[in-house]
Amino acid sequence: GPKCPFNSDTVSIIIETRENRNRDLYTLQTLQNHPEFKKKTITRPVVFITHGFTSSASEKNFINLAKALVDKDNYMVISIDWQTAACTNEYPGLKYAYYPTAASNTRLVGQYIATITQKLVKDYKISMANIRLIGHSLGAHVSGFAGKRVQELKLGKYSEIIGLDPARPSFDSNHCSERLCETDAEYVQIIHTSNYLGTEKILGTVDFYMNNGKNNPGCGRFFSEVCSHTRAVIYMAECIKHECCLIGIPRSKSSQPISRCTKQECVCVGLNAKKYPSRGSFYVPVESTAPFCNNKGKII
């Protein structure tokens, strides 16, 4: 059969709330069986999490990210598992050859998220201002395509898209309409951690370059690219757990110590980034071991 096929049968939806953390699998058709979807309206804010190439929603870093969100604030976390279309289940030696197929599936998965969003807004009265998307690697571009589609559907913009080391291959030379772009949400936050698998391009309202966006500390010399690429997910979970864990310094002032940061010019990575006035590119020094925080207890 075709490799890495996308259709609504090859995607699963995992929903987590404080009351219901059991990570059961749902589809668009069975969503209404979930306790949260039996309500007339859903009042809590929603975060979608989308994984990347050859990964899945049950990979431990994504489980930890979802848990951090549910623990931190009363979010409903919707994890999109598109592992089949991301080539996760193809023969190990061959799956990398199918990357272009997975890359082209990102638009379809994004449209699928937009369909779920339409249901949330129309049937459950959720405001778009209460929905944000977090996507890693190819999942960052999935989130961008979802952001384009909801605007086509006249739903407005998502409040935020967080792109965790958006994938470089197949996307780097693309026009805005063919990749994650800063117009895809009210606020687009990009975390750069690698420069081969991930892009170095400025894509967002704010772009954070962790350790200059490559060779992240603690990743070693070998396989450091894959390790650095994955670090983006780990850093985001820590930034949700610890307020102002990672502070970004404007790249124009990257020699300045974090201790001199003010909330006018520096920005805390994470869910509160958009509350800071500063925009553009930021340098983020990172410690080599968890929780990786650079703020030495300082909160701006």
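Just so you know, glycine gets a Cβ as well, placed from its N, Cα and C.
For Cys4-Cys87 (among others), the entry in Swiss-Prot reads disulfide bond, with the evidence type similarity to another entry. According to DSSP, Cys4 (disulfide bond) is assigned to coil rather than to any helix or strand.
For Ser137 (active site, nucleophile), applying a Cβ distance below 8 Å and a minimum sequence separation of six or more within one chain yields His51, Gly52, Phe53, Ser55, Leu164, Asp165, Pro166, Ala167, Leu197, Gly198, His229. DSSP assigns Ser137 (active site, nucleophile) to coil in the three-state reduction, placing it in neither a helix nor a strand. The annotation active site, nucleophile is assigned in Swiss-Prot to Ser137 on the grounds of similarity to another entry.
DSSP classifies Asp165 (active site, charge relay system) as coil under the three-state reduction. The Cβ of Asp165 (active site, charge relay system) has 29 other Cβ atoms within 10 Å, all protein chains considered. Positions annotated as active site, charge relay system by Swiss-Prot: Asp165 (among others).
According to Swiss-Prot, the feature disulfide bond maps to Cys176-Cys181 (among others). Within its own chain, Cys176 (disulfide bond) has Thr183 as residues 6 or more apart in sequence whose C-beta sits under 8 angstroms from its own.
The disulfide bond annotation in Swiss-Prot covers Cys219-Cys227 (among others), and the record cites similarity to another entry as its basis. In this structure, Cys227 (disulfide bond) is part of a helix by DSSP.
If you look up Swiss-Prot, you'll see His229 (among others) marked as active site, charge relay system, on the strength of sequence analysis.
Taken from Swiss-Prot, the feature disulfide bond covers Cys244-Cys268 (among others). Under the three-state DSSP scheme, Cys268 (disulfide bond) falls in the strand class.
In sequence order, Glu238, Cys239, Cys268, Val269, Gly270, Pro291, Phe292, Cys293, Asn294, Asn295 make up the list of same-chain residues 6 or more apart from Cys245 (disulfide bond) whose Cβ falls under 8 Å from its Cβ. The DSSP secondary structure for Cys245 (disulfide bond) is coil. As annotated by Swiss-Prot, disulfide bond applies to Cys245-Cys293 (among others), with the evidence given as similarity to another entry.
Here Swiss-Prot flags Cys261-Cys266 (among others) as disulfide bond, drawing on similarity to another entry. There are 21 other Cβ atoms within 10 Å of the Cβ belonging to Cys261 (disulfide bond).
Nearest Cα neighbour of Cys4 (disulfide bond) among the listed disulfide-bonded residues (Cys219, Cys227, Cys266): Cys227. Around the Cβ of Cys219 (disulfide bond), the same chain contributes Cys227, Ser228, Arg231, each under 8 angstroms and 6 or more positions distant in sequence. Separating the Cα atoms of Cys261 (disulfide bond) and Cys244 (disulfide bond) is a whole-number distance of 12 Å. Within its own chain, Cys244 (disulfide bond) has Cys268, Asn295, Lys298, Ile299, Ile300 as residues 6 or more apart in sequence whose C-beta sits under 8 angstroms from its own. Other C-beta atoms found within 10 angstroms of the C-beta of Cys268 (disulfide bond) number 23, with every protein chain shown included. Sequence-distant contacts of Cys87 (disulfide bond), defined by Cβ-Cβ distance under 8 angstroms and a gap of at least six in the same chain, are Lys3, Cys4, Phe53, Thr54, Lys95, Tyr98, Tyr99, Thr101, Ala102.
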